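Step one of this worksheet: look at the structure below.
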Amino acid sequence: MEKESENAEAQGQKPEKEIGAFGGYLRIFQYGSSKDYTMQAIATACALGSGVGMALVNLVFGQFITLTTDYSSSDSDASKFRSKASRLSLYFFIIGLCRFFLTYGYSTLYTFAAYRIIRNIRRAYLKAGLSQEIAFFDAGASGSIAMQATSNGRLIQGGISEKMGLVIQGLSAFVSAFVLAFVTQWKLTLICCCIAPTMLLAMGISSTIEASIETKVLKVQAQAGAFAESILGSSRTVHAFGLQSQLLRDFDKFLQASRKLGNKKSPLFGCLFATEYTIVYAGFGLCFWQGIKMISTREVEEVGDVFIVLMSVIVAATSLTSIMPHLIDFVRAASAASELFQLMDRESRIDPFHESGEKPTDVMGYLDFGNVSFAYPTRPDVNVLNDFSLHIPAGKTTALVGASGSGKSTIVGLIERWYHPLSGTIKLDGQPVELLNLKWLRQQVRLVQQEPVLFAGSVAENIANGLVGTPWENEPPIEKLARIQDAAKIAFAHDFITELPNGYDTVIGERGGLLSGGQKQRVAIARSIVSQPRILLLDEATSALDPHAEEVVQQALNNVSKGRTTITIAHKLATIRDADNIVVMENGRILEQGTHDALLESNGAYARLVRAQDLSVAAQNEDVSNSQDETDQEDHVTLTDELTRYSTLTRSALEKQQSRDDFDNWKRLGLLQTVWRLMKSTPELNWTFTILILACLTGAASYPGQAILMSKFIDVFQFTGAAMRTKGNFFALMFLVLGLGSFVVYFVIGWTSNMVAQTMSYKYRKQVVNDMMKQDLQFFDRTENTTGALTSRADSYPQAVFELMGFNVSLILIATVGVLSCSILSLVYAWKLGLVIVLAGLPPMLISGYARIRMDASMDHKISKLFSKSASIASEAVNAIRTVSSLAIETSVLERYTQELDRAIATSTKPVLFIMLPFAFTQTVEYSFLALGFWYGCRLVSFGDLSQANFYISFLSVFFSGQQASILFGFSSSMTKATNAANYIFWLEELQPTIRETEENHDIGPGDFKSLHLENLQFSYPMRPHARVLRGVDLHIKKGQFVAFVGASGCGKSTMISMLERFYDPAAGHIKVDALTLDCMNPRLYRAQVALVQQEPTLYPGTIRENVSMGTSTGCASTVPDSDIEAACRAANAWEFISSLPDGLMTLCGTNGIQLSGGQRQRIAIARALLRNPRLLLLDEATSALDTQSERIVQDALNEAASQGDRITIAVAHRLSTIRHADIICVFEGGKIAESGTHEELLAKGRLYPKMCEAQNLGT
């Protein structure tokens, strides 16, 4: 909490006030519409009516007691007795029929209203998240917004759907029963009703305490969700560095904290359950004792009146006890809502949804920075800009160059109004930007970022995001497509898009994952220019492009830049040589500025940067072709939804693999099998389960015990005077004894149930994340396994198991045993009556309950899939908040999210109508039991086939059996959700990756790493089995060599890195280390000798020290000497900037390293790789995010490491200056090595490589 407060203060915000649980619960209903309130009003009326029906049964029951006692104590006519019994039986049936329709009404309407209200809350929550300023996300205060929207929404729904009807029904029955009792005999009722305030007081105290604990639990779980999201979104880094164990340890810290808090509820629940049941049975005893006394003194004339009061007290008490499990859901709903409302109540300093601000009709596009000083809110003591002033003329290109951290990207953030300056002003056309409408401002500015972010959807949809909010957003589809195609042609993307299987309609996966880095960058450029913005911001816009594509795209950007204000940030100086003004920055100030030629003449800092990047191209003056056909010889991938391991698998093997990797094909276990497997998987709970089961069996025995005691009590009224009082007092005392026994039993049940639930939750939250992390990369390539969807499942599925295996499974066991024991008791004392009732009543109830569970399971699976899609949209948007805000598409994202929620609701409408029919039947069929039992039992008594005492025992046994059956199927929703969730957990547990450690390869590692031999490598990605990315690659690399892969985007370079990291195995051919092939090695031992630096580096929440130390084989920060970390950071040219930070190595990186610049993140990633001291170093555009000076220093360090003769270094590079000294340069084309040699050898050949060099030559 202290850290959260500090973060809030750093952002200029007051820490959020915590919302009380009760206030949070009531506020949920503010998000309903008039239609929702109408449905809830009708549902409430139905629930109240159903509760009244429960109480009215007592009136019939009292008349039944009067009828039977009068018949036994007098010579009444048997036929009249049977006639009256038939009439009373009909009353039972009518009440049951009315309750059936009322129950169906409230359960259906409450569920519909809950879906709609949760939809509105989720939408409002995501809107609140998207409205926050970027500083809020920098501070890591957001948690996992997508996960919380889904998981907390589910908890809220659990507290306002049909369970709300059950609670209102219970309260109505409670009140109605006491009203009926007061009307019948006020004095006796007044004495007995003392149990009500005692129970309410116990429930109130426990709910308040639990709400306080639950709020803390949810906060910790939100932090765990955010951490899980960062893990599951970086599977390549996790596999490359073998971080599963360490990240799981870090994740476990959150789970341990949550478990520790949750365990504090154990004594609370023990006391609550024990107190409630003790009070109930003590109340029964008090009612019996006082009733006997009043009958004996003639204060009450009719025995039936005593039983009306008695049964009313029983109904009132059991109504409260049946409410208790649902009140826990209410508390969770209130706590979950309060957690969401804290963000929803937070006022954003820079809100994109606000309509305030001016919207000028004309934009010239000149910008002025006047004495601007700025520090990031998360590091207020470190000024990034110092009294910075710059005039950016309209219609001109201004380039910003300088070292990483010099303030270049900060200028972009200030223009986008992601932040406000500490002092000074930023003006657009002479007007301060803070006075302009935020959405309008961002629609005039378009940004291409260093690490491009695309969204799940088609290529056309991604480019069309650039039209949101413009006059062309809603133009006819044909005209819009033409505009999109024009932008794609300018961005040099049209040709590769048209080669995709569905052209512009091809779906490209989460974050554009089915495209190469260069392809993603070109789509991002097309998205930025499609709206013809007045201001264009290019933050390393061509960093991911190969030289040919870079040259052509740069020329296109130069053309697009004419007539509009363009601000370019570049480390590749060749891309900005034609800029109208080049600004060289250092430490937040301008060092020098001017044109390319003028700055060269001055021979200052810029000239030194140019010389560092100049490539010597001997006798190569050929023009670089602008033809896409000549330069982009990519093997355009075929994107399909078919999943396979390799393209060479046989059809039968493919089908088997598809079945294995698809959860829909998993043969699901039933409820009993699921519960049994869950119990078997937690042997540490064996003694706890034993104690819990024994306690539940003992608790269930109280129901046949009640039937026997009550029947004996009824029999007491055959006596008179002192005999009646003596026997009556004895049975009243027995109820008190039963209450004392229940105190012990239910205290144990409450305590142990919570212990089981917390252990299960802890175990499966940890296991699910672990099982997800261990899967092959192809698991994460599947469309249903987006980061948002996986994070949602990692939270919601263990939660569903937690809800079932806690109190619910205990109460289900008690109810099941209660039904069986009461049915057996009925058969023992009156086999004819018991047989008729059990056979006529239990089978239909069981069939209905089973039907409800099956239908509910099917719907829950479908709804979970649809909600996973909405979670994916939210996760994708929040994780790419800078892209979303720069495109000003918050409203568009919100609409897509809402559409998915609406689709889920629409899909559930018809199933809910059917599912609630068996639910209503199971809740009311007990009245048919009573009607049949009363009618048939009275006939048996009247014909002398059954004694009255045995009739009472048998009938009351059926009465309590019906009550327990109703309670049992009230948990069907929890059963189905938990069964589906547990089946997914079991499937995931058994889903073993193909590339894994086995008994056979356990001790087999790469040996001395003297050579690396690639033989005829062929490969297709599992999600694109028909597109061969590698078409026969042969290469021999010796120890100590530095090998470079270059070529056009999509030619197979990065795929080679994936193969060498063994993220995938080849479809044909082999990779050998010395004489051993990779597929026979332990992947853990092999990867321990390999280090990877990716184009888009991944850092984790934690300190810089912790992130760098992940490069070691142990990954444990505490075991790595400071000297080793410092040496690695110095080699990566990161030590200087780290030392300048107030907290040095202990500086927090934030989620995804958001606290650091792109160049700083890259250097930390390089330091992490160098700390590993690998035998094989893989660099996938490792220095693409670095400034020229840092690049030179880092490259020198990498070259030095490569020249030591003990390491193979393989680099993928577009910036050819970084690989000119490589021992072998392999030029890839169409999935093959087209040519190879040294820099000089390839220039001499005069084929592909010289043209690439010419494109990047600066020529001082």
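Cβ atoms are placed via backbone N, Cα and C, with glycine included.
Annotated features in TrEMBL:
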type     : residues  : note
DOMAIN   : 41-332    : domain 'ABC transmembrane type-1'
DOMAIN   : 367-612   : domain 'ABC transporter'
DOMAIN   : 691-977   : domain 'ABC transmembrane type-1'
DOMAIN   : 1012-1255 : domain 'ABC transporter'
TRANSMEM : 41-68     : transmembrane segment
TRANSMEM : 88-113    : transmembrane segment
TRANSMEM : 164-182   : transmembrane segment
TRANSMEM : 188-209   : transmembrane segment
TRANSMEM : 268-292   : transmembrane segment
TRANSMEM : 304-323   : transmembrane segment
TRANSMEM : 687-710   : transmembrane segment
TRANSMEM : 730-757   : transmembrane segment
TRANSMEM : 809-829   : transmembrane segment
TRANSMEM : 835-853   : transmembrane segment
TRANSMEM : 912-937   : transmembrane segment
TRANSMEM : 949-971   : transmembrane segment
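Residues 32, 36, 39-40, 42-44, 46-47, 49-50, 53-54, 56-57, 60, 63-64, 67, 160-162, 164-165, 168-169, 909, 912-913, 916-917, 919-921, 923-928, 930-932, 934-935, 938 of the same chain sit 6 or more residues outside the transmembrane segment (88-113) yet have a Cβ under 8 Å from a Cβ within it. Through the fold, the transmembrane segment (912-937) approaches residues 57, 64, 85-86, 88-90, 92-93, 95-97, 99-101, 103-104, 107-108, 111-112, 162, 830, 833, 836-837, 840-841, 844-845, 848-849, 851-852, 855-856, 859, 946, 951, 954-955, 958-959, 961-963, 965-966, 968-970, 972 of its own chain, all at least 6 residues removed from its boundaries and within a Cβ separation under 8 Å. Highest Cβ contact count with the transmembrane segment (949-971) among the listed stretches 188-209, 304-323, 687-710, 809-829, 835-853 falls to 809-829 (criterion: pairs under 8 Å). For the transmembrane segment (188-209), the residues of the chain that approach it from at least six positions outside its boundaries are 21, 174, 178, 181-182, 268-269, 271-272, 275-276, 279-280, 282-283, 286-287, 290-291, 294, 300, 305-306, 309, 312-313, 316-317, 320, 324, 327, 330-331, judged by C-beta separation under 8 angstroms. With a cut-off of 8 Å between Cβ atoms, the residues of this chain six or more beyond the transmembrane segment (304-323) that come close are 51, 54-55, 57-59, 61-67, 69, 166-167, 170-171, 173-174, 177-178, 180-181, 184-185, 188-189, 192-193, 195-196, 199-200, 203, 276-277, 279-280, 283-284, 287-288, 291, 294-295, 714, 963, 967, 970. Under 8 Å from some Cβ of the transmembrane segment (809-829) lie the Cβ atoms of residues 325, 675, 692-693, 696-697, 699-701, 703-704, 707-708, 749, 753, 835, 837-838, 842, 950, 953-955, 957-958, 960-961, 964-965, 967-968, 971, 975, all in the same chain and six or more residues away from its ends. Cβ atoms under 8 Å from those of the transmembrane segment (164-182) belong to residues 43-44, 46-52, 54-56, 58-59, 103, 106-107, 110, 114, 188-190, 192-193, 196, 308-309, 312-313, 315-316, 319-320, 322-323, 326-327, 330, 970 of the same chain, restricted to positions at least 6 beyond its ends. The domain 'ABC transporter' (367-612) scores a mean pLDDT of 85 in the predicted structure.
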